[in-house]
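Q: Quick one: the structure is below, questions incoming.
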């Protein structure tokens, strides 16, 4: 029985296994045979349960591998990854666009703000330059006034000292006369003199005089601030990138930067021979490898040349002068006042701008007028003062002056046949063309005095103030009194002359109505107004200065050093000079200069008479102004200033009251009242050699071809250079230029003698100075 049970169990198990292998169980279950009630079913996240997929062979790839479930999973995973990356890129792009827009807006605002700052900075720079220049000018004026007042105080101190000495001398004289009266005077007059009081006052006064009221030497030159834009602030490569960049960045190309430099007028940064980069063009021995710079042949970038009588920057418009009339016509020239041979009319003493009224009047027959003018032809460039007939090859300014004259002959008959004949002839001294459009002016007649015109025309009273001066001469066109007008350059010619004759038994009246515009040589405009029978002409003209002090007071650019045109009283010639307005009171006219030995000063009498050499507009060069000019410039007395500088940079000066005689007097030298630090070489001379043999005062001028010295031989021939020799010299600024300073006279040929550029009291006779200058200015009070 037990074995049967075991066999049944084995059969049951075998059937169960067989059912599972053949799928009958599944069918059975599907048929509902395994239903045992509700059961919990777990949802699988994916039907792809297998993760370990076998490798696919080539033949199994299409129909068996890979699994679709596996492919779907890989595709979904890659799609999700790409989607995340794209979203991240989109978010980054949106952020960058927003930031870019914000940065562009901020950049634009910043550049606009900076553009305004740049404009304000440029305005501030310009304002600062103007204010500093105005301040410097005011300080210069104040300094000049202080120096002038200090000199006046010194003069007053000397006057007080002289008066004190005179009072003391007078006291002594009175005491002597009282003591000499032995009669009743000795019994009735009791007088005591206290000389100690005078001595005490004199000592106190000497202490006051000993105080130096003038500014120190180191404060003599007032520095100037020079502002100039910096070129190429942005390099070229960056500038091209800015041009191609956004519009807001182009504001950087408009940015300007100013360079500010502090300059000292009259002083160079390296003005000594032992300093590198010497800019003054000195001789070859001043430094190794240096080269003499000849001012007659300037190098690249040097200044041009300017001949005397020319007109350029820094000078007024010059005009030809010297009109000539008939025997009964008043004659006058520019810048002077002299009576005519007939009526004695005078030119206005101050020929500034003014207003003139012309009234009709009776005319006399056979009235002749002659006008003269000068025509300038100027080319651009720098200017240089050229003295004498020195030939200069340069690309600078060249000026040609053409002198032209216009003669008008006018004839008016009486009532028995009215006839008016006007003949005009224009001639030139050198045969040059004066131009068809040139108008030499008109002749204006005046009734009454010019000071009455300001009362007649109060609305035009500004023309009669102190700026333009008062014109007090009387002018009449017809009759025995006539005068000539200024010289004008016609710019417009709408004039109409309408003669009107009135019937009369004795006289003929001519009325003119003229409307004409003129322009002067310095481009000053003037107008002519027509009012019935009265013609009023407002004129302008350039006032010609007579010296550098006049230039300092009246010229718009007179406070700066430079070349100016002047015209001496009593002379019709206009010539150019160099004015030094920085030294002392200013107004110094340079008459001689030595600075590099480039010019030979051993010249003839005629050379020294006319002058020779050249200067550029910076005052560099060697020259002699001319003895004729020295005589005319010092007629009324002048102050001579001699400035000396040795090769070590030591400076000294000497000042004298100065006058040069005429050629008939041998250009005799008259000096007095020495002041300075160089020593008195012109009056006292050399003490060792003897004052009577070496003093230059009252000596005539001598050259190698005209001996006027006190020596038995010719000093000018032995020592070289024209000078006021005695027997022979204690000073000779026109001697031989020896580079280096000290020289051995034994090496000189043909004469073994001290013939350098010397001032014996300063550095001795065997020392040739590096730079010397002679300047003159009018005496104070003239």
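Backbone N, Cα and C define each Cβ position, glycine as well.
In case it's useful when we look at the structure, here is the feature table from Swiss-Prot:
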COMPBIAS  264-283  compositional bias 'Basic and acidic residues'
COMPBIAS  311-323  compositional bias 'Gly residues'
COMPBIAS  324-344  compositional bias 'Low complexity'
COMPBIAS  354-364  compositional bias 'Low complexity'
MOD_RES   499  4-hydroxyproline
COMPBIAS  522-536  compositional bias 'Basic and acidic residues'
CARBOHYD  602  N-linked glycosylation site
BINDING   707, 709, 711, 713  Ca(2+) binding site
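Would you situate these features in the structure and describe their surroundings?
A: The DSSP secondary structure for residue 602 (N-linked glycosylation site) is coil.
Secondary structure at residue 709 (Ca(2+) binding site), as computed by DSSP, is coil.
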Q: Just checking, which of 602, 707, 709, 711, 713 (recorded positions) has the fewest C-beta atoms within 10 Å of its C-beta?
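A: Looking at the recorded positions 602, 707, 709, 711, 713, the Cβ with the fewest others within 10 Å is that of 713.
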Q: For the recorded Ca(2+) site, whose residues are 707, 709, 711, 713, find every other residue on that chain with a C-beta no more than 8 angstroms from the centre of their C-beta atoms, and list them by sequence position.
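A: Near the Ca(2+) site, beyond 707, 709, 711, 713, sit 702, 710, 712, 714, 715, 716, 717, 718, 725, 727, 728.
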Q: Of the binding-site residues 707, 709, 711, 713, which sits closest to residue 602 (N-linked glycosylation site) by Cα distance?
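A: That would be 707, the closest of 707, 709, 711, 713 to residue 602 (N-linked glycosylation site).
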